[in-house]
Amino acid sequence: MLKKVFIKTFGCQMNEYDSSKMQDILNQAHASSKTENPEEADLIILNTCSVREKAEEKIYSHLGEYEALKKINPNLLIAIGGCVGSQEGENILKRAPFVDLIFGPQTLHRLPDLVSKRRSAGLSQVDISFPEIEKFDYLPPPSFTGASAMVSIIEGCSKYCSFCVVPYTRGEEISRPFEDVLAEVVHLASLGAKEITLLGQNVNAYRSLTKNGTPADLALLIEYISEIDEIKRIKFTTSHPNEMNDSLLECFGKFPKLATHLHLPIQSGSDRILSAMKRNYTALEYKNIVRKLKKNCSQISISSDFIIGFPNETDADFQLTKKIMEEVQFDFSFSFLYSPRPGTPASYIHDEIPHEIKLKRLNELQLINEAQGKAISHLMLGTKQRILIDGQSWKNPAEMAGKTDNNRVVDIKTDKSFINQFVDVIITEVTSKRLRGDII
Ligand code: SAM
Ligand code: F3S
């Protein structure tokens, strides 16, 4: 039996979601509970990310710490899951032979099985295969408390951008059946969920069939979820520009429950770089999507991802990225330096651009984006916003905090009885990175 499980999660919302599923399946198999203290755990899981940086190195430094715990508690099991597990597989054992279990994002449901095999055989277990989305057939129904829940609707990625490791670590895109997704949302609603975030590496590539055999896409899913009374807000992330079909664009402005925010990674404003990245759209095509979105929903907020310093990005390329940042008026963005990933086509390109120039560009872009974000916050002053209060404010525990449709945190003077409730507030103040509001 496993009494206590400690999970350390790195990376994106998808990994947060996977960690909660690992916890659910171990709870079901072992009646184990979650701990925040690795010293009292019988199983430590590192749910890893390999999208950027020397992710492996980060993992090995944590492993050193956990190896010491194994000396005190020889029954402790150590597991590596997520994208580093999937990418490195058995190689991890060469460097860290004390690791007991290695699995990938598509085999996390086999964790209880891997634990028993490890114990009976006395050997480390590795399972990084990509079984056809069987995972969801084995996972127990979500145990959930709170008002905001996530549901994975499509796994993997088939886009193969030249810089990205995800298609190799998470496998090809595969959608969950439409009826299964709806059943999970209804179940979550019965447990108290009021906000649903639909997840996928390319969530808008979702394709399935309804029970009548009608083709179903993300737009249809949003339409059906809108009909569930208990669900008051619907979000989805992350979208790919090439999958923004007209029916999805029309959802904004048509379904009041759909949050007026879209995260739409652009990566660069230069067509030359976009083509080298294998993104398959131009800056103009991207701007066209934004134009249609703004036409359907004037208050839409758009955020994005940028990669700065892709091999041989010139100053002219960078100026185009700055230009599109200003033209689109992105709200907030994630911008990072390009990081070569083993085995990806871009990692073989010889790059002439010095690191300091890339850093300078990154800083410049981030300053522009910060100023834009602040300007948008100031435009929100005096407006009415719908907030889901999710708990006490960390700035002042006597106050509560919640999020707007466009993901801004608002501090509100009110009491705990409002936690997990939607309220309408008037925005009264812009503080450094947050807002302040009064309940109407
Ligand atoms: N589906 C999304 C899209 O349309 O691009 C992307 C999901 S990807 C896991 C998340 C982000 O990681 C990307 O948007 C990209 O900015 C970043 N990323 C991926 N590979 C990277 C690399 N090698 N270096 C730097 N950033 C990277
Ligand atoms: Fe990565 Fe491109 Fe897919 S950034 S996750 S290969 S859309």
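In case you wondered, yes, glycine gets a Cβ from its N, Cα and C as well.
Per TrEMBL, the feature [4Fe-4S] cluster 1 binding site maps to Cys12, Cys49, Cys83. TrEMBL lists Cys157, Cys161, Cys164 with the feature [4Fe-4S] cluster 2 binding site. TrEMBL lists 3-120 with the feature domain 'MTTase N-terminal'. Annotation comment: TrEMBL describes 143-375 as domain 'Radical SAM core'. Per TrEMBL, domain 'TRAM' is recorded for 378-440.
Positions of the features from TrEMBL, shown on the structure.
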| residue | record | contacts (Cβ under 8 Å, 6+ apart) |
| --- | --- | --- |
| Cys12 | [4Fe-4S] cluster 1 binding site | Cys49, Val51 |
| Cys157 | [4Fe-4S] cluster 2 binding site | Cys164, Val166, Pro167, Arg170, Glu172, Glu173, Gln201, Asn202 |
| Cys161 | [4Fe-4S] cluster 2 binding site | Gln267, Met277, Lys278, Arg279 |
For Cys83 ([4Fe-4S] cluster 1 binding site), the number of other Cβ atoms found within 10 Å of its own Cβ: 25
Binding-site residues whose CB lies under 6 angstroms from ligand 1, from Cys49, Cys83, Cys164: Cys164
Listed binding-site residues adjacent to ligand 2, that is, members of Cys49, Cys83, Cys157, Cys161, Cys164 whose C-beta is under 6 A away: Cys157, Cys161, Cys164
[4Fe-4S] cluster 2 site shell beyond Cys157, Cys161, Cys164, criterion: Cβ within 8 Å of Cβ centroid: Lys159, Tyr160, Phe163, Val165, Val166, Pro167, Gln201
Rounded mean pLDDT for the residues that make up the domain 'TRAM' (378-440): 94
Secondary structure of Cys83 ([4Fe-4S] cluster 1 binding site) (DSSP, helix/strand/coil): helix
Packing count at Cys164 ([4Fe-4S] cluster 2 binding site) (other Cβ atoms within 10 Å of its Cβ): 22
Per DSSP, three-state class assigned to Cys157 ([4Fe-4S] cluster 2 binding site): coil
